[in-house]
Each structure stands twice: as structure tokens, then as C-alpha cells.
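Trainee: Reproduced below are the annotations present in Swiss-Prot:
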- Ser25: pyruvic acid (Ser) (MOD_RES)
- Ser25: active site, schiff-base intermediate with substrate (ACT_SITE)
- Thr57, Gly73, Ala74, Ala75: substrate binding site (BINDING)
- Tyr58: active site, proton donor (ACT_SITE)
Amino acid sequence: MIITVCKGKIHRAVVTEAELHYEGSLTVDQDLMDMAGMKPYEQVSVVNVNNGARFETYLIVGERGSGTICLNGAAARLGMKGDKVIIITYGQVEEKDLPNDYQPKVVFVDENNRPKKA
């Protein structure tokens, strides 16, 4: 049986921008994407800790080391600058092939979206 598991997560990142009139997506600092094993244009789930909104979009690479977390397009209606969000990617795997000790790549960030630990 194929199951869907959390592949990577950026935990409690702070939204730095919201650009309503931009191509719909989520721009994320490439350093954070790399640490969480996320790829450009990969589908992500975003959970807004402040207002409870949950939505899906795809990733656009942001400048390395910038701390950028930008809600673009319609997603800008679901959050605002300063909101905390959780960004999650998923993968599918045969259940029998998933090791019992499997752990997703999780990146915890500070208030400036700098990694605390991964």
C-alpha cells in the first residue's frame, strides 16, 4: 500500500511579505528550502498559526539567507506580514519500504527566519 508521509517542514516561520498581485505561490529563502529538502515548484501545504487558515500552493525560490517567506497571489488573502506559518511537503512511499525510524527534515526558525536546528 502506498502511504503519504511528511517529507519536510519549516516550523513557525514568520511571513515577511504578502503580494496579492503576483503569480500565485509561496516564496521561501532557498537556504530554508534546502535544509527542509524542498524543491522549486514543489507542492506545499501551508498552515497559518495566527488565523488557522490552511492552503496548498507551490514553492518559488527566494534569495539565500534573506529569511523571505512571501505569500503570493490569492494566498496573500490568507495571511499577513508577521503571521507565523508552518510549511509542509509530503512524499509517497510504499508502506513496506518506509523505515521504522523514518524522520522528515524539520527546520525550526527564529523570529527572523534563521534556522535554530534542523
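Cβ atoms are placed via backbone N, Cα and C, with glycine included.
Just so it is clear, the model here is predicted, and its values are computed rather than measured.
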Trainee: If you count the other Cβ atoms within 10 Å of each Cβ, which of the binding-site residues Ala74, Ala75 comes out on top?
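Mentor: Top count of Cβ atoms within 10 Å goes to Ala75.
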Trainee: Check the DSSP secondary structure of Ala74 (substrate binding site), expressed as helix, strand or coil.
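Mentor: Ala74 (substrate binding site) sits in a helix per DSSP.
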Trainee: Give the sequence-ordered list of residues that share a chain with Gly73 (substrate binding site), lie 6 or more positions from it, and have CB atoms under 8 Å from its CB.
Mentor: Glu19, Leu20, His21, Tyr22, Glu23, Gly24, Ser25, Thr57
Trainee: To the nearest Å, how far is the Cα of Tyr58 (active site, proton donor) from the Cα of Ala75 (substrate binding site)?
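Mentor: Here the two Cα atoms lie 11 Å apart.
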Trainee: Tell me the Cβ neighbour count for Thr57 (substrate binding site), meaning other Cβ atoms within 10 Å of its Cβ, over all protein chains shown.
Mentor: 19
Trainee: When neighbour density is defined as the number of other C-beta atoms within 10 angstroms of a residue's C-beta, which of the recorded positions Ser25, Tyr58 has the lowest density?
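Mentor: Relative to the other recorded positions in Ser25, Tyr58, Tyr58 has the fewest Cβ atoms within 10 Å.
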Trainee: With the substrate site defined by the record as Thr57, Gly73, Ala74, Ala75, how many Å span the farthest pair of C-alpha atoms?
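Mentor: Greatest Cα separation within the listed binding residues comes to 10 Å.
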